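> If you look up TrEMBL, you'll see 395-413 marked as compositional bias 'Low complexity'. Residues or ranges marked as compositional bias 'Polar residues' by TrEMBL: 451-460, 654-674. For 619-648, 681-690, the entry in TrEMBL reads compositional bias 'Basic and acidic residues'. The domain 'PH' annotation in TrEMBL covers 260-358. Residues or ranges marked as domain 'PID' in TrEMBL: 483-619. Summarising the annotation, TrEMBL assigns region 'Disordered' to 380-413, 440-474, 619-690.
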């Protein structure tokens with residue numbers, strides 16, 4: 001607005017300068033060429049008549065000035081044929097005032113304009129160098145030099161700007177004075193030199209000139225008073241604005257306002273110029289309702305940057321610049337990375353956009369409602385140093401400590417869910433429950449209830465299938481869906497039977513983030529399969545966390561903000577040994593909360609049907625084994641019966657052979673006895689030996 005108004009004043013000064021140059025040339029012709037006096041006087045009268053046709057942006061409606069000049073033009077036109085101007089009188093009474101105005105005042109305006117432009121350019125260059133400061137501590141000397149440069153350039157710009165504005169304001173008075181004084185001197189010279197005109201005309205002119213002279217003196221006194229007031233204002237502003245020249249003021253003296261629903265100021269916007277290169281452009285940004293607008297220098301109005309209703313904003317690490325934050329639209333299709341000038345602006349922009357995204361600005365008293373929401377969040381969440389000590393003792397040495405907060409077991413639940421009105425906070429959330437804002441990698445801390453196999457942690461995972469010697473556990477899964485999510489926090493809950501648990505956990509985690517200024521969120525890829533849910537690092541493809549699907553007992557999206565979703569994981573082990581605990585994990589997605597819940601539901605259905613099929617298959621295999629065992633027993637019984645029959649046949653055959661051999665023995669014995677009787681003693685012995 002200031003620069004737009006300045007443009008109007010500069011345009012008016014240019015119009016005045018153009019008009020004064022023309023009037024000066026006309027009066028100079030009167031001074032230089034007495035022979036062309038009549039033509040020059042006629043030209044002067046013509047220019048005075050054209051004053052009402054001039055389009056002065058600040059003085060186009062001055063009817064008194066227009067009528068006065070019109071009366072001058074009429075008189076000059078009547079006397080132009082008989083006036084002869086002496087050089088000395090014209091030089092003293094006519095040429096000197098307009099020359100002084102042209103050479104001194106108008107040139108002073110041009111000089112101040114150039115000085116202001118140089119100071120503005122120096123300030124922009126200093127701000128650019130300051131924005132490029134590194135975050136490393138070894139650059140403290142350079143930081144001090146650049147900060148001093150910003151202070152000097154900003155102070156110089158402010159001082160030159162105020163003097164320039166003062167000169168532009170004074171020009172409006174000088175325009176009237178130095179337009180009327182030359183004409184007054186010209187008329188007095190004409191009257192005194194020629195001693196012409198009738199008495200009536202002379203009396204009218206004297207009265208008219210007296211009135212004009214009085215008006216000029218009144219305007220001069222008004223101008224002097226205004227200049228004195230402006231000089232005093234400049235001195236007061238210089239004293240009051242001295243701390244504001246610093247680019248990063250003291251946060252104690254100038255604390256950030258967290259209840260704003262409107263914000264305006266200069267930001268650096270990043271735009272990509274290539275695959276890996278980017279550039280930063282400084283523009284003026286402001287909020288207008290639920291829209292983020294930007295306006296470049298010279299533009300008549302601002303342009304829409306993004307719709308920030310239901311958007312998400314978070315702090316980001318961007319190259320080597322400080323105070324950067326990212327705004328993502330509600331559908332996740334558009335995002336902008338901006339850099340604030342100071343930490344105060346950085347926090348105010350994030351808080352303001354957060355308030356606007358909740359549509360608080362639509363109420364009658366938006367700042368009061370924002371303050372009340374922040375105060376209720378402050379009452380619901382308080383820091384717990386005991387949890388930090390307990391959590392540090394559980395983590396390995398050297399591991400970075402994540403920010404944590406403790407939920408209040410007696411806080412009010414608010415009006416986020418009507419179903420929670422009949423429930424107490426203790427029935428949903430365990431007392432002294434810590435909130436985990438960071439993802440703890442399985443490398444440094446085991447997740448309760450999750451067995452960690454060798455090589456599981458730190459292994460790169462391809463969400464679209466893996467190839468290699470080792471077969472991944474999700475290779476046979478028929479469902480693979482990948483979503484971009486940002487981890488907001490997790491906390492232990494006492495119940496896992498109602499979606500109200502997820503809603504209450506969302507409320508407490510968001511309130512804790514707002515109170516403790518935790519704006520950073522870890523972005524991951526959530527892979528949904530029929531076996532488990534995986535959080536995968538988008539850069540390294542390393543699995544950060546793995547949640548077995550059977551342990552996911554509850555999942556839900558936020559009732560109003562569909563970008564928020566969460567699930568409850570039931571794990572074994574906790575504060576009491578051999579006791580199951582439930583942990584609720586909350587995430588933010590790019591407007592895909594319902595899709596993720598649908599995907600998890602589909603995965604559980606597929607897993608359920610797969611489990612039914614597996615049990616049916618095992619039951620069928622058991623039946624087949626029983627039948628096979630029975631068949632083997634039957635075959636064995638048949639084989640035994642067959643063996644018995646065979647033995648029976650063998651016994652019968654053996655008995656028949658024994659009878660025939662007995663009859664043969666009787667025949668042989670009788671024959672041998674008869675032969676023995678015929679043989680002698682020696683023959684009997686030989687028979688016995690045979």
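Placed from the backbone N, Cα and C atoms, the Cβ positions cover glycine too.
Computed from a predicted structure; not experimentally measured.
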> Looking only at the domain 'PH' (260-358), what is the mean pLDDT?
87
> Going by DSSP assignments with H, G and I as helix and E and B as strand, what are the residue counts for the domain 'PH' (260-358)?
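Reading the DSSP string over the domain 'PH' (260-358) gives 15 helix, 46 strand, 38 coil.
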> Could you give me three numbers for the compositional bias 'Basic and acidic residues' (619-648), the DSSP helix, strand and coil residue counts?
30 helix, 0 strand, 0 coil
